[in-house]
Structure formats: structure tokens, C-alpha cells
Amino acid sequence: MYMEKLMRLIEMTPLLLLLFLPSAFAGHDYNQALSKSILFFEAQRSGYLPHNQRVTWRANSGLNDGKASGVDLVGGYYDAGDNVKFGLPMAFTITMMSWSIIEYGKQMGANGELGHAMEAVKWGTDYLIKAHPEPYVLYGEVGDGNSDHYCWQRPEDMTTNRHAYKIDPSNPGSDLAGETAAAMAAASIVFRRSNPAYSTELLRHAHQLFEFADKYRGKYDSSITVAQKYYRSISGYNDELLWAAAWLYQASNNEYYLNYLGKNGDSMGGTGWAMTEFGWDVKYAGVQTLVAKFLMQGKAGLHAPVFERYHQKAEYFMCSLIGKGGRNIQKTPGGLIFRQRWNNMQFVTSASFLATVYSDYLASSRGSVKCAAVNVAPSELLSFAKSQVDYILGDNPRATSYMVGYGNNFPRQVHHRASSIISFKVDPKFVACRQGYATWYSRKASDPNVLTGAIVGGPDAYDNFADERDNYEQTEPATYNNAPLLGILARLGGGHGGYNQLLPVVVPAPNPVVAKPKPAPKPKFTPTPATSSNPITIEQKMTTSWNAKGKTYYRYSTIVTNKSYKTLKDLKLSISKLYGPLWGLSKSGNSYGFPTWLNSLPAGKSIEFVYIHSTSPADVSVSSYNLA
């Protein structure tokens, strides 16, 4: 009866399905999503690409960056879909990647991804070291948004202005220097065991940058004015000074920084600002979360009354996330945090990360969240973070994955110069500044290069999303969207494992660890062999199972592969003994065909669809097809 009722609901309202089914129906592969989300950073690399570069459609770029200023600024990351290197969001990205590894490096190691994650951090910190050639000099931008946005070019073809912009005592930038200090300090923890000399170097830069930020105060966008239109520091620099102090204390155990947090918490807003957002500009919620951790660790000392006020504001943030605060965060009808139309997903991933680590801090201290008149268990925060990640990966009213390359239905026209133009390695013919707009930007077709792992801006306040390249508010990715997600995915994929998040941090060496083989799933799958008369293989496997109302449900993944040397068209599949919902195919009469966004399947390529029911795999066979 339960399944019959479910099927009637599906037939009547297919788009409501993901809203009402238990979250277990999703069965997401968090480890696969983690691997993809780290891979995205390789597509964002600037400079000379290494021999082990896995995103092979990219090539060297920005090889003269800094040369006109007499400094080597080759390397680093492009922030989003353009070719500018913006220092503030790049540093925040590195801080959040490092924090992800610090908290969940063991889980990443079990998944074999710790080495890749640490390489992603080091690609950024190698650049930040170059950008800090003197104690009180920091280069905060290469290129400018105005000239860059006028052109639509691959990074390998850039003809735009690559001027390097810096801050110094005469033109200070405490927010930029503070965030860069935080990034260096956090990264020094990451490399403390595997590369102690590099860790020491990072910490030395972090100390210098904090001193620079604190001694010569000012907003960086008053000195690097070309950044104002793109990464204006609205919150000022007090949050970054506290944020940097918190990270330097974690990295060095130097009481100076603990005292700084205690003495300046009230005057700099750390104990005063009750936040409902966290991101590359506003760091207060992050500071409050870290200081709450110090308090739980018993490190507050004489500063305990001040640290308790930080702690109260951290709880205010957490309560606002789960809808039990004095001022709650807005959510879409589908349950996604909604802050703004332009790249809303950055706030989703960063807030969800704070909820994840705070949940584990509380669990380690056997505490709870105090919201208004109710105490909330730490598990509720983790469940909230999971709901946000599941939404991103496809459990939403549109059944759309907002991670490129994950699942079946993901954005195909990403607002990203490199992915939207044919690879330099496929066709090295120069793409001129405006030619890119005419030939590639306006092209109403899928990107020639899949930007695997990228988290795009995401849907609007009503869960609507338009997969169009010129829809930059929704289809542009950013490094700081992905960085906090690394930690959450590692936590969800690897579990807690009984770790005490309040103990001193020890990031394991980044040797890939092969996961233990899992027991063979039940029921087993049987691949359909390819023959000369049937050049299409079908492989089914069970990916997860769960119990609901006394019945066991299974999620099956089915891979259809074109084994021929021709393009497969007009595919019709017959599916019988199917007793539940199916995603990834379009139904016509009694048969199933390609999803609406796919017209054909090239030679050697595969498509995946999934379904859920409470018995053995459905019978899937090929009814008809054409090879062209």
C-alpha cells in the first residue's frame, strides 16, 4: 500500500517528489562529489600547469603576471568564470579549504583525496607567498574586472590588462592582509606534519601579514579601487583582524593572539554582531565559531566572559540556520538557504560548513545549542547541513544537480570562459577579445569542456533556475563556493569515526589510502554484454538501501553505454518490473528514451539513470535504436 500511494503521488505531481520523499531516497555518493569538487580547482589554475594536471583541457596561462612590476606573480587561481586573480576571495578560499582539511583530513585520507586537497591548498599558498615579497607589501589583484569582462577569451589567449595591484603602508588593506594571514596560518596547520619547513614558512608570512594588517589599518578597496565593483569590503576590516588572530592562535598557540581576541572582541564587533551570513566578505560568524571552540577546549582563561559572548553569537547564527532563532535565515520553498540572487550558493556552502563543524564541536564536548527556549541536539545542525548538500546534489524541486558533472541533470551552459570555448589543446587557433562573445558566449549549446565539480550560483528564491550562459547570477561558479563544501562532503562521506574535534589537530600524511572493499550489494547486478548485433551494454547496481515503514527500499544506478564506433540516436528502452520512481530518462508511452537535454550518445560514452523500489532490479532492455 505504501508504494502504491507513493506511485500515485509521483504520477500526479512529479516535481513535488523530491520535496516529500525521505532524504534517504537521494542516496548521494558524497565521496564521488568530494572528488569532483576538488577537481574543479585544477580547472581554475593559473600559471604553468604541473605534469600531473588532471583537467587536461586547460593549458598554461598568465605566464607574465607581475613581470611589469618586477615581481613573479605567476600561479594562483582565477576566482570564478573570468580570468582575474582577486586576492581577497582567493585567500578566503584557501582558508576554507585548509579548515576543511584540518577538521576532516582523516576522512579525506580514507577516501584517497587528502593528497589532492592538500595540492589544491598548496597551489594557492605558493602564489600567496609570491604575492608577499616584503613584510609590509602584499599584491592583492592581477588584472582588472572591467577590461577582463569586456572580453570573452580562454585564459590561454588573454590579451587583457594584467596590471598587478598592491597594498603597502601608504595604501593599506587590513581586510586583505588579515584574510591572507588567516589563509597562511590555517595552511601551516595542514602541512605541519607532511612538510614542516613549508609550514614554518607559511606561519612566518602569517605573523608578518597580521602585523601589517593591524599596524597600518584601512580597507583594501580604498587602495585597490579596481576591486570595488567586484569584491568590495562592505564589512570593513575588523572581522578579518579577529579572524586572522583566531587562526594564528590555532596555528601557533601564541597567547598574544588569544589575548587579542579577548581584548578586542567587544570593540571590533566579535561579540556584538549577531550574524545570519558568512562568506568571503563577512567573517564574524566564522570568528565566533572558532572562539566558541577555544572556550569548549578550556583555553579562554581570564577572557572567559568575553569568549562566552562570542559563543552566544555563534549559537545565534546556528539557531537562525535551523529556524529556531530570533531572526531566521530565509529559505526557498524547497528548503535552500537564500541570501541573494547573485551566486547565492556561496552562502549555502559556507553556512553549512559552520553548522557541520559546530555540530561536531558540541558532540565532542557533549553540549547542545541553546536556541530561544529550547535546547537543540548537535545532530540537528548536521542534519541541516546534509539537507543543504543534498539539495545542491539534486534533491530539489527541479531535480537539478548544481554541481557540474554530478548526476544526470546538471548545468550545461556554465558562465565560464575556459569551459565554454573549445580547448586550446583541441584547437589552438587564437580567440580574440570580442570574437569569444560572438562565437562562444552566445552559442546556445553545451560547453565543449565540462567544468567537473563546479558549484554554480544556483536557483532563485523560488527554486527556479535557467541554464543559460548569460545568466551569470545563477550559472557562474566560484572557488569560494566549493572550498567549504570539501569539509562537509568528507564528513558526510566518511562519518565521524569517533574523532574528538576539540583535541589538538593532527592532519595525516597525504598518502592515498585504498578504501576497504565493501560487501557485494544485494541483489547483485548482471551486465548485458555488447555484441555485434547489440552494441549497447546495460549495467545495473544497487547503490544504497534503507528501511521505511517496515519495508526495505533499494536505489539502483543503471549505466547505458554505446560500445559501437558510431553515434547512438533514437534509443528506446523497455523497462519492466519497475515499482518506484525513476530519474534520468524521458518516458514516451511504454518506453523510455534519452533525457530531454540529450539527443544522442557519442561512441564510447555512457548515460546513467536511477530508480528506487523495494525489490530486485527491474528488467531493462533495448527496444530500438539507430546508429549514425
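From the backbone N, Cα and C atoms, a Cβ is placed for every residue, glycine too.
Please treat TrEMBL annotations as automatic predictions, because they have not gone through curation.
According to TrEMBL, the protein carries these features:
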- 1-26: signal peptide (SIGNAL)
- His415: active site (ACT_SITE)
- Asp467: active site (ACT_SITE)
- Glu476: active site (ACT_SITE)
- 536-616: domain 'Carbohydrate binding' (DOMAIN)
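Secondary structure of the domain 'Carbohydrate binding' (536-616) per DSSP (helix as H, G, I; strand as E, B; remaining residues coil): 0 helix, 52 strand, 29 coil. Shown in sequence order, Ala80, Gly81, Asn343, Val414, His415, His416, Val456, Gly457 are the residues of the chain, 6+ apart in sequence, with a C-beta less than 8 angstroms from the C-beta of Glu476 (active site).
Cβ neighbours within 10 Å of Asp467 (active site), excluding its own Cβ and spanning all shown chains: 18. Residues belonging to the domain 'Carbohydrate binding' (536-616) score a mean pLDDT of 85 in the model.
Summarising the environment of His415 (active site), the number of other Cβ atoms within 10 Å of its Cβ, over all protein chains shown, is 24.
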